[in-house]
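**Q** Before I ask anything, here is the structure I am working with.
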Amino acid sequence: MMVLQQQQQQRLWDATTTSNTNTQTQQSANVESTPTKVCHQENAATHTFMRHMSNSPTPPSPLRSLSDCGKSFEEEELELGENCEMPQNLSSKRQARELDSELENEVLDLAPPPKRLAEEQEEEKVASVNPPQPVAFAPEEMHQALQLQLHSYIEMVRQLAPEAFPNPNLATQFLLQNSLQALAQFQALQQMKQQQREDPLPSYSTPLAKSPLRSPSLSPVPRHSKSQQRTPPNSMTANSLGMSSAVMTPNTPSMQQQPQLQQSTPKPTSGLTVASAMAKLEQSPEETTDLEELEQFAKTFKQRRIKLGFTQGDVGLAMGKLYGNDFSQTTISRFEALNLSFKNMCKLKPLLQKWLEDADSTVAKSGGGVFNINTMTSTLSSTPESILGRRRKKRTSIETTVRTTLEKAFLMNCKPTSEEISQLSERLNMDKEVIRVWFCNRRQKEKRINPSLDLDSPTGTPLSSHAFGYPPQALNMSHMQMEGGSGSFCGSSISSGE
């Protein structure tokens with residue numbers, strides 16, 4: 001046991017000597033350090049050695065001073081701090097472990113001290129009570145400052161480059177005008193700001209408790225009736241412009257331009273004009289006419305006109321001679337195709353309906369003769385040209401097999417003689433005039449396709465099948481094969497007359 005104590009004391013002595021050597025090296029490196037610091041380090045080392053001697057199980061050494069007897073190990077450790085390195089034994093390690101476990105649950109107070117908080121609060125109060133006022137200059141002061149800057153600038157330019165300003169008065173005038181303009185703008189801006197401060201905009205917001213809740217269906221959105229929704233887009237524009245029976249194309253501006261057009265239209269000023277406008281609206285046929293009814297009438301009118309054998313130009317000419325309203329073929333065509341505005345179609349409908357009734361009654365009186373122009377003209381007018389003008393011949397529909405036979409005959413001879421046309425008409429059971437017109441139309445079509453071909457030669461030379469895209473075997477087919485087979489009617493039709 002004594003041996004262990006001696007070994008421990010020897011180790012402590014070695015540690016003390018090493019600390020002394022460290023302090024000596026620090027003193028040699030730091031020449032400017034004071035002697036008091038050196039003494040303090042030596043005393044600390046001595047105290048450390050004496051403290052460890054007192055904590056040992058052996059009786060206290062007589063070298064320990066009486067002043068240190070009343071101090072515990074913790075107090076001496078707090079006094080020394082981190083000034084020197086001290087050897088650790090088992091007891092110091094155990095105490096350090098206990099201190100660490102206590103510091104685990106300790107909360108650090110990182111808040112600033114109350115004194116600094118009070119100073120910051122005082123500074124904030126002073127800043128809020130006396131905010132920094134912006135520097136405000138009167139217009140006269142600004143004008144004087146601008147003039148001073150102007151004069152100094154001119155003097156500086158004269159000194160640096162006198163040849164740059166041969167006439168300094170002009171430069172002075174120019175700069176003075178610019179400064180005056182800037183001053184006027186600044187004054188106007190200040191006046192606007194003052195007015196905004198004096199007259200704030202009134203707020204029209206309604207409290208939430210009093211504002212009624214409105215659904216999207218109840219919102220004040222302009223709505224149209226069913227008849228207006230089914231109206232073509234050109235009708236609203238035509239109504240707003242008050243147009244007459246002029247032709248309205250599909251490219252007519254739609255409802256998007258209606259507000260602008262209404263603004264440009266002069267409004268009625270007197271009560272009489274308003275009353276007359278209301279009377280015209282009441283008498284217009286748009287209220288009693290529906291779009292579906294118009295569509296149905298246009299379809300029926302076209303069918304009846306074709307059945308009676310009259311062209312659109314005939315109808316327009318007859319309406320001009322009978323009722324005093326001249327209409328072109330384009331207007332009748334657009335009416336049948338529903339390409340007119342709703343208002344114009346409503347105006348045209350009664351006139352066309354009247355013409356159709358007159359034409360039907362005339363045909364019925366004549367005993368069902370469709371092309372009896374004399375009967376119709378004697379009933380409706382004195383001259384034949386006053387009602388229908390020209391008459392239109394029937395259109396002939398050609399079957400697919402017949403058209404194929406005609407195409408092959410055209411390849412063999414593009415310009416047949418009258419005898420060949422008669423033979424074809426007998427073989428195909430068709431009218432001779434129809435076959436002649438078909439060959440004429442086919443030659444015109446071939447000219448459009450191949451302008452270089454000479455189809456007007458007096459002799460009907462056979463054409464090459466390769467020029468028209470037909471196989472060579474098509475020219476060697478028999479008449480039985482050409483006539484054999486049943487085909488369906490197709491939509492191709494030719495006109496036997498003008």
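Using N, Cα and C of the backbone, Cβ positions are placed for all residues, glycine too.
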**Q** Tell me which range among 31-90, 391-450 Swiss-Prot lists as DNA-binding region.
**A** 391-450
**Q** Hey, which of Ser219, Ser284 does Swiss-Prot call phosphoserine?
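**A** Going through Ser219, Ser284 one by one, Swiss-Prot annotates Ser219 as phosphoserine.
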**Q** Going by Swiss-Prot alone, which of Ser128, Ser217, Ser328 is annotated as phosphoserine?
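**A** Annotated as phosphoserine in Swiss-Prot: Ser217.
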**Q** Please compute the mean pLDDT of the model over the domain 'POU-specific' (286-360).
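**A** Per the prediction, mean pLDDT sits at 84 for the domain 'POU-specific' (286-360).
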